[in-house]
Structures are given as structure tokens and as C-alpha cells.
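Right, one structure below, let's go through it.
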Amino acid sequence: MEWTPMEINPEMMDKLGVGGNWSFVDVLGLEGDQLSAVPKPCCALMLLFPLTQQHESFRQKQADKVAAGSEVYFLKQSVGNSCGTIALLHSVGNNKDKMTFNNSSALKKFLDDTADMSAEDRAKQFENNQAIKEAHNDIAAEGRCVPEADKVNFHFIAFVNVNGQLYEFDGRMDGAVNHGDTTDDTFVMDAAKVCLGFMKREKDEVRFSAVS
């Protein structure tokens, strides 16, 4: 099953019924003044990067670092081209207490309905959720970039501070990865350090971008 490839679009929050007290901001760089320009508080950072053989090899070595337990809300990706929406779900789902939602919010209903499910069962519910699928495809249709479906080879992941721990959420993995201690004040810098690791592993690759 595949959805339409999608750019991250601020309207996605509104489409899914998330209140307007949080919004997307482009991260223009992951070091120095560019990083310090990211507004605070920041509740999540999302990274877009190319899927390469180097990345796949790294993920195989990282498999044993997946966090166990139910401290975080994690959803496995089983739908092609849905990584942007799943990164948004991970960002909102692990900051639920900070968010406001419209009464008819499809995203809040999904998070509530799947709160006590396994990552795999959440994936099954996600596959069959027409409201989220329609919001995703509507936003994808509005995108300025229209990639050819068979050439999409990029992936979104999210970073969130959950109870003082920096977690990386990648729906292609079996669970979240714990990168250690963080605080609200240092979260952006701590997440950026992990993102820079992605870039350093791809020495000849420059196609990275991030939003907070």
C-alpha cells in the first residue's frame, strides 16, 4: 500500500485538527547561529534525508539500541510514502499534553484509539484510517514539488524530548531509539547533533533538510 509522496506543509496540522498554538518552522542549519535561530520552546524536530546503502548498513548495527517499554508513543510504518505523516504523528503523539485539538480532530481520535495498542496494531489502524489518508493526500496534491512515485527515496524521522530523554522515531524501525539525556533548553542542539551524524555518514550527499 502506498500513499502520495508529500512535502511537510504547515496546513497538515490544521487538516488533522491540531490547535494553532504550535506551528512548523524551517531549520536553516544544524550548527551555530542558524540553529540558535530556531524559536523556543521547540517540542519536536523532523529530519528529511536520503535512504542510501550506508544508511541501511548503519540501521542494521543500531537494531539493538531500540528502546523497550511503553514510555513513548511509537507507530511502525507499513504504508509507502507515509513517513512525513508518521513523523508528525510521532511529534504530536509524544507531546500530547502540550497540544490543543479541535473537537473533530482526526489525529486526536487516532491517538486516543491507539493509545494502548502495540506499534504493529497501530500500523494496521493507520492503514485503514481514511480521515488521515485523505488529509495526507490533500496536502500532497497542494505540494510545489511533485516527485515521480518510483523515484521517491527520501525519508522523514522525528526527534522528541520525552521525560528528559532524547528519542528518535523512525517508523521503519521496530521502536524508538534513545539518545540519552536532554532538556527543554538543550533539546534542539541535542537533536541537531544526532542529525549531523546522519550527514557525516553520507560524505557526498547534501540533500538534507529539517523542520521544527
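Glycine too: its Cβ is placed from the backbone N, Cα and C atoms.
In the predicted model, the domain 'UCH catalytic' (2-212) shows an average pLDDT of 85. As annotated by TrEMBL, domain 'UCH catalytic' applies to 2-212.
Listed in sequence order, C83, I86, A123, G171, R172 are the same-chain residues six or more apart from Q77 (site 'Transition state stabilizer') with CB atoms under 8 A from its CB. Sequence annotations record features per position, and here TrEMBL assigns site 'Transition state stabilizer' to Q77.
According to TrEMBL, the feature active site, nucleophile maps to C83.
Residues or ranges marked as active site, proton donor in TrEMBL: H155. Note on H155 (active site, proton donor): other Cβ atoms within 10 Å of its Cβ, all shown chains, come to 19.
The site 'Important for enzyme activity' feature in TrEMBL is assigned to D170.
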Under 8 Å Cβ to Cβ from D170 (site 'Important for enzyme activity'), same chain, six or more residues apart: give me those in sequence order, or none if nothing qualifies.
-> H155, I157, V177
